Amino acid sequence: MNFSSWAIRNPVPPILVFIMLVVLGLMSFKRLDVQNFPDMDMPTISISATLDGAAAAQLETEVARKIEEQLTGLSLLDSVTTTITDGSVSINVSFEVGKDSQAALDEVSSAVDQVVSELPSGMSAPNVSKSDLNATPLITYVVSADKLDEVELSWLIDNDIERVLMAVEGVGEVSRLGGIDREIRVQLNADLMSGLGLTTADVNAQLDDVQRDLSGGKGRVGGESQSLRVLAAASSVEDLRATPIPLPNGGWVRLDELGTVTDTHSDRSSLAYLDGEPVIAMQIKRSKGYSDVAVTDDVRTAMSEFGASRPELTVAEAYNTIRATEENYEASMHMLYEGAIIAIIVIFLFLRDWRATFIAAVALPLSIVPTFLVMDLMGFTLNTVTLLALSLVVGILVDDAIVEVENIERHLQMGKTAHDAAMEGADEIGLAVIATTFTLVAVFLPTAFMGGIPGIIFKQFGITASVAVLFSLLVARLVTPMMAAYMLKTGAHVEQSDGLLMRSYMTLVKLMLRRRWIPVVGVATFFAATALIVTQMSTGFFPASDESQTRITMTAAPGSLIEETDETARAIAEAVREVSHVTGIFLATGSASTGGMGETSSDSVSSATLVVNLTPIDDRDVGQSEIEAELREAIASIPGVRIEVGTGGNGTELQVTLAGDDSALLEDAAFSLEAEIREHIQGIGNVTSSAAMQTPEIIITPNLARAASMGVTSRAISDAVRIATAGAYDTALSKLNLPERQVAIRVMLEETNRQTLDQIALIPVAGTDGNVALGAIAEITMGSAPSEISRLDRRRNVSITIELNGRNLSDVMTEVEALEAYKNLPAGVTNVEEGDLKRQSELFTSFATSMAIGIFFIYAVLVLLFHDFLQPVTILMALPLALGGALLPLVLLGASFSMPAVIGLLLLMGIVSKNSILLVEYAITARHTGMGRFDALVDACHKRARPIIMTTIAMAGGMVPAAFSLVSGDPSFRQPMGVVVIGGLITSTFLSLVVIPVVFTFIDDFERLVVRLFRQGTDS
């Protein structure tokens, strides 16, 4: 069935269909969430376990290894990454893309349940959960109030404000930075306790037994049923002070007779500053699957309403990460509009007819808007990838309509009526339009099935681009001919003679067809030049972005007090404030109250993070990488700390990971490699190693024989020391029940009784015949241990992080691989690809596979359409002709061949295939009418050169805003795509118009030879 003829005869149905599609598409557009990039995390399950006071090395043996062993063998398991610090184990179990997250959660939970009984008795069951939070906080607020003290304001944030924000759809976590928690501190006097024969553990156990409200069954009094409750818990600090503590020899004393009972606050775990002023802040993260922009807008609305209801509060926005998302969204939309306008202008300049231009231009909204409907149904978002997919295919979308309109115009010039010209012109070009569209789909669609992190991005790119192209085919076959039949003027044009350019081109084509060795030599030279360009090409995963915001992460020596860390962090902030283009600084020292705060979190009080806001990118003439270099120089003189500058995101750092089972050998290898990197590699930023820090510890070594003789167990020693020095586990603390909340009660020795090793040696431990001094049954010494242990797939690993400082990832990695320490790693120590290196490897492997599949699908489509196995090879020969022109601009710009360049190259594959199809299809059709090969090729070049040049210029024009950064915002992702497409179009179009006809003759000669040999074989 000829759909174009049917649409011309029956214009109403296609009009109604596309009106409906446009309306539904506009409705879907309003519903689509806005993000910077798709959520790019693998299906990940998090396991967290805590044991207060436990050393990292102890947790590695008693917790991490046991859980890791149970996780082996899970289906579609990608990696198991473990981070162990004092008191905490965090395990991230990553699965391959495609694994159902709920099934993954169930499998991991089942595996952990099997090992719970083997974990330390003082540890509560590990928490297993899906990683549903986006890692980067959306927005950070600071809150102040003149009439509230620090404890009250902290409680208001934790209780009132958090409850308001968690009610906002899409908010996944609210964490507090700075502030303190109310706590009842019971500090016991060691001398009094010793004289009375009590231990700190005895007092803590008595409080735990007494400080409870318990159920007591049911009563039947007065003919009614009543619940019985035992209300023993103190309801005030005064009541708590009077709590009786029984003595070993009989009698009792009041709790406050054993020491002091103070209504105070817990040890400070974090501090926050905004531009040097102390503040209490809170960060908001969104759950995955929600819009960055929508969640931020709803949070701002909720905070505005809350602030209005509490006039005594001052609420201000400290910083946000949504600005980059909004700028990229606006820039992508502007690029879409501007690319479309440029393409339409190009069409008009060629056709010189506003009616024909309007008909071709209608293809854009009729192709793009219905695509939003499919994106909505697929659960996609409006992000940099999907919007760039639409922007990149603007030229392609109008391409089919251009070819249709240009061909109809050519028939009008023959004197035909508009109706006949539309019928015959659309029918004549129909096969070529269908072929070109399906070759594009053959290129784009396989990318949607890539694996790993690149596959998550390419899924949305490939499907979005494919759907838009298919809609453009429907427009070209249904709407464009129908509009041409009713809008173009009959006899408006006359046959025109060729201009100078066309005559010159036809002379060149005839010369090349007669002197076929000339283009052969030219193409060989071009391929040699392309090979040379490839050798100069740097590679990467993502280009470094410029989001007008950077971060400085500082780590002090393990064991540093929060006051010492904070002093150094504030000195760094003062130095940073003097750097040009710095507009604001948010500093967070220590850890958030929830135990983690994303980008500005610190794992301990020895860490701090500065969020540095920069002048907007459009208002400065230097890039973010140059500013970060200035920041490194400004803080280089800060002594005794490890500093990293940069967001740690894609394209900003190189992670070299070594793994091994022998921890000493592994650390020695890492130290040697780190030293050589610092000494021999130039132009990089800071170099840090996860193996470089040791934390001080006090080691208690029991004399097991002596302890056994006194009836003292290792567990009794551990409990006594822990409670005396730090209190019970947080989950086991007694609580003071107040009307609005519960306040923790922490029992421990007075600080003056636990400041030296000798005092710690006096801590009493319960034995069978009474209390025993710790020093009598154990040796107490100072030592050190790793402050953090990292494991990957059940092996210890050390990561050396290199700040690229604007250099390309592949160049730096090449230099690392040339270092002696890297080439001569000791036996048992291996290099493991992680971070951008791993994702880059996944990208290029997936790209090569997708490219091969795409080429095969193109060939299969062409064979089916042309009923010929050899001539489609002619079309495929156009693909390498684009490579040199595509890669040369990247080399000239100093950009790496990374994900945006890969996207541009994939797009280019489809475009150059389209141009070749137009030539080859016409030549084959002409030969079927009896025309000779030479004349058919010359005629094909004559008839198809104009639409090929038109579509090429239209597509290149659509890329101009991206390639030349004509839109505001960060160009790091858009520009490589634009230059790849424009550069490839220029070379491939010129070479295709000259070389493809010559290739056609070689393939035709080969086909004739094969037929002749086959016939000779048959005759014999």
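Using N, Cα and C of the backbone, Cβ positions are placed for all residues, glycine too.
What TrEMBL annotates here:
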- 12-29: transmembrane segment (TRANSMEM)
- 331-351: transmembrane segment (TRANSMEM)
- 358-375: transmembrane segment (TRANSMEM)
- 387-408: transmembrane segment (TRANSMEM)
- 429-449: transmembrane segment (TRANSMEM)
- 461-479: transmembrane segment (TRANSMEM)
- 517-542: transmembrane segment (TRANSMEM)
- 843-866: transmembrane segment (TRANSMEM)
- 873-895: transmembrane segment (TRANSMEM)
- 901-924: transmembrane segment (TRANSMEM)
- 945-967: transmembrane segment (TRANSMEM)
- 979-1003: transmembrane segment (TRANSMEM)
At a threshold of under 8 Å on Cβ distances, which of 387-408, 873-895, 901-924, 979-1003 pairs most often with the transmembrane segment (945-967)?
387-408
Among 358-375, 461-479, 517-542, 901-924, the most Cβ pairs under 8 Å with the transmembrane segment (429-449) come from 461-479
Okay, the transmembrane segment (461-479) and the transmembrane segment (331-351): do they have at least three CB pairs under 8 Å, pairs separated by 6 or more?
no
Is it the case that the transmembrane segment (901-924) and the transmembrane segment (517-542) touch, counting contact as three or more CB pairs under 8 Å in which the residues of each pair are 6 or more positions apart?
no
Whether the transmembrane segment (873-895) meets the transmembrane segment (387-408): three or more C-beta pairs under 8 angstroms
no
When counting Cβ pairs under 8 Å to the transmembrane segment (979-1003), the leader among 12-29, 358-375, 517-542
517-542
Given a Cβ distance threshold of under 8 angstroms, which distant residues of the chain, six or more beyond its ends, lie next to the transmembrane segment (461-479)?
3-4, 7, 14-15, 17-18, 21, 362-363, 366-368, 370-371, 374-375, 378, 380, 385-386, 388-390, 392-393, 396-401, 403-404, 426, 430, 433-434, 437, 440-441, 444-449, 903, 907
